[in-house]
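Chemist: Before I ask anything, let me first share the structure, which is written out below as C-alpha cells.
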Amino acid sequence: MSHSSEPRPMTSRRSGPLKGVAQVPGDKSISHRALILGALSVGETKITGLLEGEDVLDTAKAMAAFGAQVERHGPGEWTVNGVGVGGFAEPEGVIDCGNSGTGVRLIMGAMATTGITATFSGDASLSRRPMARVTDPLALFGAEFTAREGGRLPITVKGAVDPVPVRYRTPVASAQIKSAVLLAGLNVPGDTVVIEAEPTRDHSERMLAGFGADIRSETTDEGHVITLKGRAELRAQPVAVPRDPSSAAFPVAAALIVPGSEIRVPGVSRNPTRDGLYVTLLEMGADIAFENPREEGGEPVADLVVRHGPLKGVSVPAERASSMIDEFPILSVIAAYADGVTVMNGVAELRVKESDRIDAMARGLEANGIRVEETDDSMTVHGAGNVPGGGTAVTHLDHRIAMSFMVLGMAAENPVSVDDGSPIMTSFPDFLPLMQGLGAELG
Ligand code: S3P
C-alpha cells in the first residue's frame, strides 16, 4: 500500500518539554497473528486493539482472499470467521503484502501445506528482501516455489498436497522463519519441530496454545526447541492485542532526549522476548518506571512513566539483539544524545529489514553531525550531547527509519528532515498527531 503513495517529506524541530499520555497502537506482530490464526480456526475470532496500519490491513485482505470472512466493526475491533486448518481456498488474484515481511512470510507458511497455489507480491522494499529463508524450510514439507532471481518476490507457491512433518533448525534468529514453519506444521500429520539457537519473539507459540494447538517449548542442549502436533483443530478465541513496545519506543525515546519531558505510555507489552530496548535503556540510566504490571491478552503489560534525564553510552551484547531487533534505529538516536559511546553487537539482521538499517541510520546520523562506525554486524554511535541536526535522512520505504529521524530532530540544534515519511502508515498511522499532542514540533 505505501508503495503506491507519493513521497511525503517531513521535518521535526527542537521541541519544548513533552507531556501527556501516549496511547500507542496495537502490537504489529500480534495483530498479524490474530488475523491469520482467526482465519485458520473454526468459529468467530473477536479481535480488539488490532493495529490498523497498512501492513496489518494487507494481511486482513489476504485472509479474506484465502476464504475467511474478515470484518471491521469499529476502531481496532474486528471479527474473523475462519475456514479451519487446511481450509484455505485458492485466491483469485495476487496476494499483495505491501511492505510487510511478517505478513508475506507467515502467510506463505500458513498456506504451504494446503494443496492450493498462490502468488505473492510486495512493494519495492519487500521485493528486495530475502525469502529463501522461509521457502527453503517450507520446501521440506513438499511445497514448491517459483521466485524471481535470488529467491525474491513475486513468488508463486504450490502448496504440498501430502505434506510431511519437518524438523528445522533456523539458520538465523528469526521469529518469522519460526512462525512460517509452525503455521505450515498445523496441517501436517505428526510433530513439526523448530530449533532456534536464541529464543525469538514467542507470540506465535503463545497464540497457538491459546487457540488450542498442542505446542510446547523447551530449552535443551540443542537450543530452544518448539514442538507442534499437526492436524490440530484451532478453536476461535477472543484476542485483546496489547500495545506495541516497538511503537512505544518512539515517544519513549523522545521523552528521554527532550529536556523537561514526562510522559505516560499505558498498556505496553512487556513480553521478555521483546523488551531488550527497555533493559538497555535502564542500563543507560534512563528514568523509566513500569507501573501496574498485569496480564492482558496472554501477554504481560505495564504502564510506562518516562522522564528526561542524563544517559550514558553502553555496549549492547549480541545475545540481546533478537529481543530488540526492531529498536536499533531508535536506540542509535538515543545514543546520539548519550554521554559516551554506544556499541550495538550482533546486528547483521538489520541489513535485511525494510531497509539496510545499519546503512540508513549511519548515513542519516552522519548527515546530522553524529559520528558512526559500522561493521557487517555492528554499529557504534558516538554520543554528542549537542546534536547539530540540519540534515535530511533517506528512509528507503522504512517506517522505523522515518520515525527515528523525526525523534532525532526534537532535541537537535537544527531541524531534521526525512525524504519520505509515508511508510510510517505501515505500523503507526497516528504517529504525527500523537507526537504533536505531546508537544513535539513536526510535520
Ligand atoms: C517479526 C519478527 C522480526 C521483526 C519483525 C516482526 C514477527 O523479524 O523484525 O518486525 O512478527 O515475527 P525477523 O523474524 O525476520 O527477525
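In case you wondered, yes, glycine gets a Cβ from its N, Cα and C as well.
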Chemist: Of Asp58, Asp326, Asp376, Asp377, which one shares the 3-phosphoshikimate site with Lys28, Ser29, Arg33, Ser174, Gln176, Lys353 in TrEMBL?
Modeler: Asp326
Chemist: Out of Ser174, Gln176, Asp326, Arg357, Arg400, which binding-site residues lie by ligand 1, with a C-beta less than 6 Å from some atom of it?
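Modeler: Correct list: Ser174, Gln176, Asp326.
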Chemist: Filter the binding-site residues Gly101, Arg129, Arg400 down to those whose C-alpha lies within 10 angstroms of the C-alpha of Asp326 (3-phosphoshikimate binding site); answer none if the list is empty.
Modeler: Arg400
Chemist: Nearest by CA distance to Arg129 (phosphoenolpyruvate binding site): which of the binding-site residues is it, out of Lys28, Arg33, Lys353?
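Modeler: Nearest in space to Arg129 (phosphoenolpyruvate binding site), counting only the binding-site residues, is Lys353.
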Chemist: Tell me, if you would, which residue among Lys28, Arg129 (binding-site residues) has the fewest other CB atoms within 10 Å in the structure shown?
Modeler: Arg129
Chemist: Between all pairs in Lys28, Gly101, Arg129, Gln176, Arg357, Arg400 (listed as phosphoenolpyruvate binders), what's the biggest Cα distance, rounded to the nearest Å?
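Modeler: So the binding residues stretch over 19 Å, Cα to Cα.
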